[in-house]
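Input: a single structure, listed below in structure tokens.
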Amino acid sequence: MGAALSKLAQWSAANYGAATLEISPLNEAILKEIIMFVESFIYKYPKEAKFVFVEPLEWKTSLAPSAFESGYIVSETTAKSEEVDKNGQPLLFLSIPQIKIRSFGQLSHFLFIAKDANLKEAQACIEANRDPVAKILGPDYNATKGDPISLNILDKITEDDDPESEAKMRIAMLLQELDLHLLNHSLKHISLEIRLNPVTFTRDIDLLKRYSGKGEETVLESIEYTSEYEFSNGCRAPPWRQIYGEICYVMVKPHDVETLCITCCVEGVFLNGGKTEEEGEIDYERKGEIYKDLVTFLKEKSAKFSENISKQAISFKEEEEEEVGELKEVDQVNKEEQKEEEATYTKAISKSDKKPREKSQINFGTSQMAKRLEPSLNWKATVDYKDKITGRDIHSEEKVGGRLEKSRPSISVGRLRLSKSVEKIEAIISESSSDTEEDEEPTDHRQEANADLPSEYWQIQKLVKYLKGGNQTATVIALCSMKDFNLAQETCQLAIRDVGGLEVLINLLDTDEVKCKIGSLKILKEISQNSQIRRSIVDLGGLPIMVNILDSPHKRLKCLAAETIANVAKFRRARRVVRQHGGITKLVTLLDCAQNSTEPAQSSLYEARDVEVARCGALALWSCSKSYANKEAIRRAGGIPLLARLLKTSHENMLIPVVGTLQECASEENYRAAIKAERIIENLVKNLNSENEQLQEHCAMAIYQCAEDEETRDLVRLHGGLKPLATLLNNTDNKERLAAVTGAIWKCSISKENVTKFREYRAIETLVGLLTDQPEEVLVNVVGALGECCQEHENRVIVRKCGGIQPLVNLLVGINQALLVNVTKAVGACALEPESMTIIDRLDGVRLLWSLLKNPHPDVKASAAWALCPCIQNAKDAGEMVRSFVGGLELVVNLLKSDNKEVLASVCAAITNIAKDQENLAVITDHGVVPLLSKLANTNNDKLRRHLAEAVSRCCMWGRNRVAFGEHKAVAPLVRYLKSNDTNVHRATAQALYQLSEDADNCITMHENGAVKVWVD
């Protein structure tokens, strides 16, 4: 926190008194993150929240003592907390206007009390305590001294004999994590801001000058720079102000206000202190907020400017179009020059290449030309605008792998992130959810010409020359020599690419020499671990050649080709190329090689090679199976029976890719049906008992994917799979395996018979122990499993006795959507037991559930509403509890406007329970619950019908709501509910119609819509 506040927070110049935080979007973002951290601290870290600061955080507050209620001793001018330290001193003490706080718990309570003023209070606290970490942990822990001393202090804390040392160390680590989070969050915020340059301001000021002068139609009376001197970078601000991002200062005289002295900087435009009368110097301190450009600023400050600028909009547009037209002309000239240059180069190449050459011999000039045509990565911020545009278009094409490809134009970081987000959404639609690898094009890291390159780089360059020009013997020797280098090192990998070695290696795959192919594939297999190399291989057309090699009679060749395909097919485009060239079918065929080789001890050398071929084929299919289209291709090619056969083998190195492929494919329903048909579950369960952790992980993950189906869950139990899953819960070191195991337990727990078995194996107690200090992917599964287990009374008692209620309630303050859905379900299940409900209420769990109704995700809203139903049913004074939530009833009623059927059904269920209290029923009636429920009556969803009818039945019990339902046309649709096939709908509808029938007009409506006939039948 200290580093973020000192390095990235924007402080005003401290000319008089203490420096203050500027009013800026960045500072506001930092303060909001700190507030979020402090507010949730008391729930996430209750033990650490009681830690007493070494020195109190002290500042001037705007809160009055009357704002403090329970838990505080309040007088007219003071307020102090009942909570005290070991010396009897209060942890919060307010003496107007000074406040002192000495614990995170009190700090969290204070921010809740401050409500809308919490941002202002946080700012005042930070300004008064420039290094809050030092006050919290002591003067030794000073954020300004750097990380090494911070680490030494942490070591000192761990060695201390103080009984509070553990809490102190924990807080130190949490504050360091917060500091890193603030730094990352601030950098993201900065990267998304529009960064202006001198050219932008020069253009805007010149345009405004053209339309300024005397007269009512001009936009301004005058606009002038404060300095006529322009530096080489285009800035007019003095160098000691340029380091703050300031570009120039202008004096603007609008028609209707006084002269404005404006600062133009990379962040935008703001009003400064103006020129001093004595010395004529500028007061650089900002006097207001920052605007995105000069025109926006002047529109805000001058009504006359805003009026006149709108009249001049057409003229401004014409000016801009003229500039764009000039730029396009320059672009066209540059493109024509570039085409002539490329034509000359192509002609020179063709003349120098008259003799037929082997495919393995590549012209080295290609890579040199590629280097010359690459755009510069070191753009200067001071380059002239037109020069920048011209330079960008001159380099708009580059040579990649011997062919011309359009290079991407320079775009802002903010736009780049937006495009990445869009592409990721598209990827989710087209690819499996298991496809987690980054599919965006990475930054192309070329070796700098003047960089200190290792000797291996130059040695590899020489070897590539031998590959290009040598005979067969020299080529084989060069390949062997190249293989001796450490090809796992990135320098060696990129060296091969930079000097044109990839083209040579790929061309060697198209020759008739088996030794050359093997040598080339061995190298490609190693270097294709690099993401840049993978994409280059695809760009150079290497994948189709490797796919063709899969038909080769040489088994070693097929193995190497399949392994290389497995490495390259890590991104969408590569997987698509493999499928389009028939690679999936050929890879599935490789699986058939090992059909008779299930026991390595009995296998001959020939059979061992067959096993290796099948293993490599499965490895490639594993990589390819991350896309939906490839999964279908594997299924159509008959891959499932072959994978099922290979699953019976005892070769562990074979089993891992086989199970990995099945795990990826099991996300599709067609595959899950085929997996059941092929009796694969039995072998997955058997391999859970393996000693190989990776194999255990993939088997558990495959069970997790398949256990959506009830029959599969029964098969896992019948084959004895529940006990090894429960046993693996005790091994928490491998988090990936733990996530897979807890996921499998979660899905298997959907069946009651499985829950009984897990209770016998004491898995529920173990799951409760995993509710803390685990990554989110594990927590989602653990809480999901507990949510299913707690549907039974015995398990709810176990969870309560093991202390599971508090960690579950603590998780309600998270932001992970899947975790929140599962936590709300688990808390709701626990609330069915009165003793657990008492604990939930004491921990403020009901309020946290209610706050989740504001969550933007419909699934979270629905799950929270379902969880509130048992909470309201089992709370001691439910009516008063519900009314204590300010705005809570209005929030629930407004959720009836949702378009999500699950949200509507859950809210109707919640309203049914809320309406049991007459006062609450009166309040929701005033908020318009009757017309909103009536609008939902025309639905075909039986789940919504049932809970809607129950809500209508309850709401009829207040005032003239029965009549109102009839007036809003809700009766006739309810009669149609009687034709549903769901008996629960019939029961709820009968109750609703009974209540509505107390109004005569409603009885007529029921009769007209055939209710009597349905009841008689």
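Cβ coordinates are placed from backbone N, Cα and C, and glycine is handled just like the others.
The coiled coil annotation in TrEMBL covers 674-701. With a threshold of 8 Å between CB atoms, the same-chain residues lying at least 6 positions outside the coiled coil (674-701) that come near it are 635, 640-641, 643-644, 647-648, 652, 655-656, 659-660, 662-663, 666, 709, 711-712, 715-716, 719-721, 724-725, 728, 734, 736-737, 740-741, 743-744.
Residues or ranges marked as region 'Disordered' in TrEMBL: 325-360 (among others).
Summarising the annotation, TrEMBL assigns region 'Disordered' to 429-451 (among others).
Feature annotation from TrEMBL assigns repeat 'ARM' to 541-583 (among others). On the 0 to 100 pLDDT scale, the repeat 'ARM' (541-583) averages 91 in the predicted structure.
Remark: secondary structure over the repeat 'ARM' (887-929) totals 34 helix, 0 strand, 9 coil, with classes taken from DSSP. Annotated repeat 'ARM' per TrEMBL: 887-929 (among others), in sequence order.
As annotated by TrEMBL, repeat 'ARM' applies to 969-1002 (among others).
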Against which stretches of its own chain does the repeat 'ARM' (541-583) lie, if we need a Cβ under 8 Å and a gap of at least six residues from its ends?
-> 427, 430-431, 435, 437, 439, 502, 506, 509-510, 514, 517-518, 521-522, 524-525, 528-529, 531, 534-535, 589-590, 593, 609-610, 612-613, 616-617, 619-620, 622-624, 626-627, 629-630, 633
